[in-house]
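Per Swiss-Prot, the features are:
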- 8-15, Thr105, 127-131, Phe143, Ser230: ATP binding site (BINDING)
- Glu76: active site, proton acceptor (ACT_SITE)
Amino acid sequence: MESTIGIDAGGTLTKIAYLNEKKKLTFEKFYSNEQDKIIDWLKKQISIKQICITGGKAKQLQQLLSDSYKIVELNEFEATLVGVRYILKEEKYDINNFVLTNIGTGTSIHYIYNDRYIRAGGTGVGGGTIMGLSKLLTNIDHFEDVIPLTKVGSRKDLDITVGDIYGGILSPIDNSLTASNFGKAATIESNYNNSDILATVQGLVGEVVTALSLQFAETKNIDHIIYIGSTLCNNIHLQNIISSYTKYQNKTPIFLRDGGNSGAIGALLHATNKKS
């Protein structure tokens, strides 16, 4: 039986979505620079005839695959939005208006109004920042190694909080809020380790991304912010940072179970619906 798959070729990761023999939605993931591994996997799936591809590296991957498969290309955000709406339905959410923050290598932020979407903005701070700073500061360069170390890290000896500045005096804002990411590293002899550094890097990224998302949500009076992206996958520390900051500003954070695969899911759905 001929089959179709969806591929989201991102700056760091390439995600694949397909239906297995039992018609269950299934995912594969590769580093985008491991194109040989991607092609080897595809060759083993002998039933694949059509690929819908999206993402920043879609053109590059398409050139390698076009002789062997029928290729359908889809705009990156259209694919992501189709995937997000599918997951929202599967997880029983009934939300039509929201801010969508996609934390990939960098971060992009969109307003969603029913079936319309507008790009609000973005930042170069994202998953690539986490990995780049992790490599520079600790020489750890694999995401799978960063996550468990982050879980046991603490930011108290590296970040300056509002409470640190006011020193017990009543402050105008919450004492636990960060006044300066990594600020203590330059001012005092701190007792910190690699886990603490990694936790603080994630704190910096999480707070920057959340602050931008909150500004956009407040501007449009939107209550819900959906955070997606592979950077959040199994990354409870980052999710907690984003969640607490979002709730502090009276907005509702939502993390979708397969949010990191939204683009690949959307590409798959686009191709299968078009085919049918």
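Every residue gets a Cβ built from N, Cα and C, even glycine.
On a predicted model such as this, the values are computed, not experimentally measured, just so you know.
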Using all protein chains in view, find how many other C-beta atoms are within 10 Å of the C-beta of Gly10 (ATP binding site).
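The Cβ of Gly10 (ATP binding site) has 25 Cβ neighbours within 10 Å.
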Near Ile130 (ATP binding site), which residues of its chain come within a Cβ-Cβ distance under 8 Å, counting only those 6 or more away in sequence?
Phe143, Val146, Val201, Gln202, Val205, Thr231
Let me know the DSSP-derived helix, strand or coil state of Gly10 (ATP binding site), please.
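Once the DSSP labels are grouped into three classes, Gly10 (ATP binding site) ends up as coil.
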Measuring C-alpha to C-alpha, could you say which of the binding-site residues Asp8, Thr14, Gly128 are within 10 Å of Glu76 (active site, proton acceptor)?
Asp8
Starting from each candidate's C-beta and looking 10 angstroms out, tell me which of the recorded positions Asp8, Glu76 has the most other C-beta atoms.
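When each Cβ's neighbours within 10 Å are tallied, Asp8 tops the list.
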Look at the binding-site residues Thr12, Thr14, Thr105 and tell me which residue has the greatest number of other C-beta atoms within 10 angstroms of its C-beta.
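Within the set of binding-site residues, the most crowded position is Thr14.
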State the count of C-beta atoms found within 10 angstroms of the C-beta of Phe143 (ATP binding site), not counting that atom itself.
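So the Cβ neighbour count for Phe143 (ATP binding site) comes to 19.
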